[in-house]
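Per Swiss-Prot, the feature active site, glycyl thioester intermediate maps to C159; the stated evidence is sequence analysis. According to Swiss-Prot, the feature compositional bias 'Low complexity' maps to 10-20. Positions annotated as compositional bias 'Polar residues' by Swiss-Prot: 26-36, 61-70. According to Swiss-Prot, the feature compositional bias 'Basic and acidic residues' maps to 37-57. The domain 'UBC core' annotation in Swiss-Prot covers 77-221. Marked as region 'Disordered' by Swiss-Prot: 1-87.
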Amino acid sequence: MFRLKELQKKQQQQQQQQQQAAAPATNGTDAVTTEPTDVKRQNSNDLKEIRKQKSKDSYFSLKTKQSSESGSKRANPAELRAQKDIDEMEVPTGCAVSFKDTNDILNFNLSITPTDGLYQSATFQFTINIPSTYPYDPPKVHCDTLVYHPNIDLEGHVCLNILRQDWMPVLNIGTVIFGLMTLFLEPNPDDPLNKDAAQLMIDNKKTFEANVRQSLRGGYISNRQFPKLL
């Protein structure tokens, strides 16, 4: 009887020892199991935070870039005034304005086809450059078409009073275009660049007019051939 109780007691002790031994193992297992989960959760949170920060940095980087680009493309006073002139301009009949580069408003082409006078129906091409000091300084005008004219020399320089001493800041691009058209309608021999043509216009207007017609048909004047425009 005593021996049986002793054996039962030993078995209980062994079971308790096994339970105690198993308890740390279980706790260790939990620690091993839960530790990776906690680390994974922490890593996930860190990753989200990093992504959020990167997204924030990218946004401000983009805004800074846009601001920088906007600043670099800011129009200068000459461009603002030229844009205003063009917006308000009424192009005379027979004139057409074109831009090689739509982003460059300070350089453009002008074609003039007079509707009356000696140069009627011929088309003349001009290049116009607006200086950075505009409107305090006048536009620079070059005639790209070789023409027999008292106020335009054979190199394409144009003699127009408002492009020189008579220029004022209140004048505009439209005024210049109108002035160029007027040169073809009413050539001015009193302020010439082609002095031979101007003198002939004064001395013998009929011969001058004949020379103009001949030049527009691609003929020669003083051993110089002109392009055929009619």
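Any Cβ shown, glycine's included, is placed from N, Cα and C.
Note on the domain 'UBC core' (77-221): DSSP counts are 49 helix, 27 strand, 69 coil. Restricting the average to the domain 'UBC core' (77-221) gives a pLDDT of 97.
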